[in-house]
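Record features (Swiss-Prot):
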type     : residues                                : note
ACT_SITE : 253                                     : active site, proton acceptor
BINDING  : 134-153, 222-225, 342-344, 373-375, 394 : NAD(+) binding site
BINDING  : 261, 264, 283, 286                      : Zn(2+) binding site
COMPBIAS : 9-32                                    : compositional bias 'Low complexity'
COMPBIAS : 445-473                                 : compositional bias 'Polar residues'
COMPBIAS : 478-492                                 : compositional bias 'Basic and acidic residues'
COMPBIAS : 530-543                                 : compositional bias 'Basic and acidic residues'
DOMAIN   : 109-428                                 : domain 'Deacetylase sirtuin-type'
REGION   : 1-106                                   : region 'Disordered'
REGION   : 445-595                                 : region 'Disordered'
């Protein structure tokens with residue numbers, strides 16, 4: 001006989017806590033099942049519990065108790081949920097135009113007030129401004145530009161009888177021809193003299209003021225006259241460093257302030273006397289080096305030629321790497337304003353810089369890009385790059401901005417006045433009279449009724465139940481007396497013989513037929529019914545009588561032999577009465593069935 005299997009011992013069930021009973025109250029108890037079950041049937045082994053927990057917990061996750069997940073803290077003690085940052089939508093951009101050209105000697109731009117406010121507020125309030133300037137900002141100082149009708153390209157062509165444009169005088173090929181070299185030397189010498197005699201304009205001082213206020217992030221200039229760098233706030237560094245820090249002014253095409261040797265790259269201050277000759281001057285550093293080598297018995301390496309440190313067409317810019325680093329750093333800094341002034345943007349590198357800065361600045365909600373020149377920008381790539389196109393002279397822009405000079409550090413002073421000074425000013429100006437008209441007050445109707453009491457107490461309610469209040473409108477009279485007096489004072493009616501006309505009865509409007517819709521959001525009215533159409537009566541139709549139960553549902557007889565096919569009229573009777581129909585004779589074969 002096989003030994004009897006014993007059930008594993010189970011631990012006594014713990015008493016449920018109030019929290020556990022609340023969560024398990026919806027579960028069925030063992031007594032609710034139809035079949036008898038023992039308490040041992042609800043006991044599980046440790047392996048079964050681990051298998052059930054693995055089904056609930058996915059791989060890589062674990063269930064935490066309330067104490068573990070919240071660190072034993074209640075919901076009120078937990079930190080508030082992190083709010084999401086609201087990102088504003090892109091600002092709607094449109095290009096505005098401002099015309100500052102002189103109008104018959106008048107300088108009133110009242111009809112362009114929004115554009116003027118945008119121009120002035122940008123220059124006065126923005127903190128990270130980038131300016132890209134051309135030769136147009138120096139024309140007021142007496143320095144000619146390049147591409148205008150009176151520019152250098154036109155004048156040099158006529159002066160030196162050049163077959164091509166005067167642009168050839170700024171090409172690197174000038175040192176390959178002796179005649180072009182002589183013309184180039186003369187041009188450089190004259191430009192240096194004009195730059196030395198000129199002084200900064202109002203627009204230059206405005207830029208310097210922005211620099212002294214630390215609101216000018218960078219000034220990219222294409223000029224070689226060096227007027228900007230003559231002011232300390234706009235000083236530059238030659239040569240530029242590849243890494244930061246960089247100066248505030250970046251000279252994209254060099255300057256006439258320096259000259260450099262084409263061989264040893266020796267750089268020194270520009271000397272006009274050395275260029276007062278048809279050929280290029282020799283480098284003094286190369287002369288000393290060559291003399292030392294000759295005295296020591298070494299072979300000569302040659303003597304280099306000096307030239308102004310400016311960038312000509314078809315040659316490499318010595319500061320190209322440093323300028324590229326500065327441009328990339330300024331684009332990453334995300335300026336809030338761009339001013340392109342006095343340039344036609346014919347240089348490809350400058351065009352790329354303007355496009356990159358415009359896209360970055362206009363992505364900012366408060367970013368503003370401005371173009372200041374006598375002509376609009378050329379090319380479809382600049383059609384949607386600027387918020388404001390200013391047509392006019394940049395000197396007028398500086399006058400409208402009304403910024404102090406860069407070297408004017410005086411602060412606005414407010415004089416303190418004593419009472420004696422105030423009386424003196426009053427005596428000088430005379431008595432002041434201010435007429436103040438009082439507005440008409442609207443009449444307020446007096447309240448004749450009883451006011452609602454502000455508060456109610458039990459004592460007041462008891463007193464109100466015992467005492468009666470008199471109506472002030474009755475003036476101490478009773479209600480019956482008032483009614484009798486109103487009947488006596490009633491106006492006399494007219495004689496009974498004259499009858500008043502009966503009031504006109506309102507005729508019901510005829511229902512209008514459904515209107516026809518001919519076009520979208522347009523409804524045509526239905527035509528009115530004429531009296532002739534109203535007189536036409538509809539034909540009266542007899543009512544359809546219901547068939548009695550068991551009657552044939554078709555017009556033809558069910559069996560041809562059961563009834564005669566004669567059109568005899570049925571006896572007249574009342575509608576709704578049943579009639580008995582019997583045949584005159586019995587059909588063949590029916591008698592046998594009946595028997």
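In case you wondered, yes, glycine gets a Cβ from its N, Cα and C as well.
These figures come from a predicted structure and were not determined experimentally.
Everything Swiss-Prot records as a feature, shown here on the structure.
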{"residue": "134", "record": "NAD(+) binding site", "Cβ within 10 Å": "24"}
{"residue": "138", "record": "NAD(+) binding site", "Cβ within 10 Å": "28"}
{"residue": "142", "record": "NAD(+) binding site", "Cβ within 10 Å": "13"}
{"residue": "146", "record": "NAD(+) binding site", "Cβ within 10 Å": "19"}
{"residue": "222", "record": "NAD(+) binding site", "Cβ within 10 Å": "22"}
{"residue": "261", "record": "Zn(2+) binding site", "Cβ within 10 Å": "20"}
{"residue": "264", "record": "Zn(2+) binding site", "Cβ within 10 Å": "15"}
{"residue": "283", "record": "Zn(2+) binding site", "Cβ within 10 Å": "24"}
{"residue": "286", "record": "Zn(2+) binding site", "Cβ within 10 Å": "21"}
{"residue": "342", "record": "NAD(+) binding site", "Cβ within 10 Å": "23"}
Residue 286 (Zn(2+) binding site) and residue 374 (NAD(+) binding site), distance between Cα atoms, whole Å: 47
Chain-internal residues near residue 253 (active site, proton acceptor), provided their CB is under 8 angstroms and they sit 6+ positions away: 222, 223, 224, 310, 311, 317
Count of other CB atoms lying within 10 Å of the CB belonging to residue 374 (NAD(+) binding site): 15
Where residue 286 (Zn(2+) binding site) falls in three-state DSSP terms: helix
Where residue 261 (Zn(2+) binding site) falls in three-state DSSP terms: strand
Check: same-chain CB within 8 A of Zn(2+) site center, minus 261, 264, 283, 286: 262, 263, 265, 266, 282, 284, 285, 287, 289, 303, 304, 305, 306
Per-region confidence, the domain 'Deacetylase sirtuin-type' (109-428) (mean pLDDT, whole number): 88
